[in-house]
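Colleague: Please read through the structure below; I'll follow up with questions.
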Amino acid sequence: MSNHTHHLKFKTLKRAWKASKYFIVGLSCLYKFNLKSLVQTALTTLAMITLTSLVITAIIYISVGNAKAKPTSKPTIQQTQQPQNHTSPFFTEHNYKSTHTSIQSTTLSQLPNTDTTRGTTYGHSIDETQNRKIKSQSTLPATRKPPINPSGSNPPENHQDHNNSQTLPYVPCSTCEGNLACLSLCQIGPERAPSRAPTITPKKTPKPKITKKPTTTTIHHRTSLKAKLQPKNNTAAPQQGILSSPEHHTNQSTTQI
């Protein structure tokens, strides 16, 4: 764009110079014809035109010089660089090794742990695989939490009591024979928990007993033919027939025959 504008300005200057030439030729012709008043006016106008053209050219050259002095590319914004901690690789490796040594020392110091709820001492065996895991981790290990009692019978203990109980060793009471210090430690130490969990036997629900109702036996007595043939008004005769014995029935049958 800047080259195009300069080219247009150069063309306009050429045209102005040509017009001034034609104007000068015209003035010379008028001077030959003894027209002094017209010549004076024309010379004054020519002087004004030349002065204006000189001013315009001076402005153009100054603007072109400033454009060449300035870079055409866009101004680059300098980013504010944040202060970085330029540490040497030896220093970082030294810090890395020191952190691993501190981690290993803390793990070795936490080997003899005592469980307050069960009172058993145990030691963590460190293998090569554990050492590799410790080296790979850069953060410190989390503090060991006490195991949760599944039965929930024991109340929750304070954190200070837990730390104090870890520092004191467990001494069995069987080894103390008349030693007061040993007996005091034996009393303070936690009780030994059973090796096996108690087996819970499920209770059998008793089945409800079904009581049978007693069966009533009905005795059917034979009625005689007379009792059947008697009219309904006579109520005493059928009762006698019902209450009569089987021998009486046989006698009646023989008499009828």
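Cβ coordinates come from backbone N, Cα and C, glycine included.
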Colleague: With reference to Swiss-Prot, which of the candidate residues CYS29, CYS173 participates in the disulphide bond with CYS186?
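Modeller: Of the listed candidates, Swiss-Prot names CYS173 as the partner.
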Colleague: Summarise the model's confidence over the topological domain 'Cytoplasmic' (1-37) as a mean pLDDT value.
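Modeller: On average, pLDDT over the topological domain 'Cytoplasmic' (1-37) sits at 71.
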Colleague: Roughly how many Å separate the Cα of CYS186 (disulfide bond) from that of CYS176 (disulfide bond), to the nearest whole number?
Modeller: 8
Colleague: Which whole-number value in Å describes the distance between the Cα atoms of CYS176 (disulfide bond) and THR199 (O-linked glycosylation site)?
Modeller: 33
